[in-house]
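> Here it is: the structure, laid out below.
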Amino acid sequence: MLERLWYAKSGWRWLLAPFALLFAIISGTRRYAYRHGWRKGYRSSLPVIVVGNISVGGNGKTPVVVWLVEQLQARGYRPGVVSRGYGGKAPHYPYRLDAASTTAQAGDEPVLIARRCGCPVVVAPKRADAVRLLEQSGEVDIIITDDGLQHYALARDIELVVVDGARRFGNACLLPMGPLREPVTRLKRVDAIICNGGEPGRGEYPMRLVADVPRRVRDEAPLAAPLSGPVDALAGIGHPPRFFATLEGLGYQLDQRVAYGDHHPFDRDELVGRFAGKPLLMTEKDAVKCRSFALDNWWYLPVSAELPASLLDTLLHKLGAGGKGQGATQAQG
């Protein structure tokens, strides 16, 4: 309901204006307090890169985090990732993921990143606690925080913001009147803006998601031969239509298209009963939640972010200069 108001012209949104004003006052005051030192955030001894957004919903942050980890690893860095672990309930916090960690414990994005990148990943409601654990481990020399642009209690050195190039900022209003967590003017203070699909704006870095060969959810086996005939598709992500459009662009004939909310806790009986016939395609993020009960004809589509070399050059330059990008000066966290 709200999402339809955010991304379409609707006079009904003005009914939410008082709540948006209240949100603006509270969030703006908090941001101002950290920026001017009235509230102190935790500053790590290691460089911290935040990958986030100013709007709610799926903008493509996780592929950017994976890309960043892989690029830094290839250049000799030892990155670690911290996350809030949304949707999970760990046995304790901070919680470092291991090979047996589940999405019920750590959330879906952290499990995906840990399995895909093989780097240390720690979750905690207070990201500073996760950062301290990584510092104490001595295993990392740079920290990437998955989401957390608005988590000003953790100081950062570089800020990357991912924008949905197709939907942009909707009606450009703050929550709940619109989809924005912070005003569009916040982008003036970040180090880089990444445009996921669509036409990038001035100064934005274009990003493209490149699909790989589908893999079986149950055991990661690559698809040996193209799937023929109709297939079903499910997506429990921030913007499911983007995934369905990707599948159609790859030539798949979709029968059922089932969209769930982001971080949806899948029920085995429901999915097995609903998708027991035709082959099923899902996102990698959904696959990490379904692996334990997946059927043999369930597949996920791995995607990787493709970004210009100039973005990496910019980041490496900032790190070489001590990791003090614009983001380090705009807020204590």
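Placement of Cβ uses the backbone N, Cα and C atoms for every residue, glycine included.
Pulled these from Swiss-Prot:
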- Ser55, Val56, Gly57, Gly58, Asn59, Gly60, Lys61, Thr62: ATP binding site (BINDING)
> How would DSSP class Thr62 (ATP binding site) in three states?
helix
> Select one residue from Gly57, Gly58: among these binding-site residues, choose the one with the most other Cβ atoms within 10 Å of its Cβ.
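That would be Gly58, with the most Cβ atoms nearby.
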> For the recorded ATP site formed by Ser55, Val56, Gly57, Gly58, Asn59, Gly60, Lys61, Thr62, which further same-chain residues have Cβ atoms within 8 Å of the site's Cβ center?
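Other same-chain residues near the ATP site: Asn53, Val162, Asp164, Gly238, His239.
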> Taking the Cβ of Thr62 (ATP binding site) as centre, how many other Cβ atoms lie within 10 Å?
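Its Cβ shell of radius 10 Å holds 26 other Cβ atoms.
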> Check Ser55 (ATP binding site) against DSSP and tell me helix, strand or coil, would you?
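The residue in question, Ser55 (ATP binding site), is strand (DSSP, three-state).
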> Which residues, sitting 6 or more apart from Gly60 (ATP binding site) on the same chain, put a CB under 8 Å from its CB?
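Correct list: Val162, Asp164, Ile194, Asn196, Gly197, Met207, Leu209, Ala305.
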> Just counting, how many other CB atoms are there within 10 A of the CB of Asn59 (ATP binding site)?
26
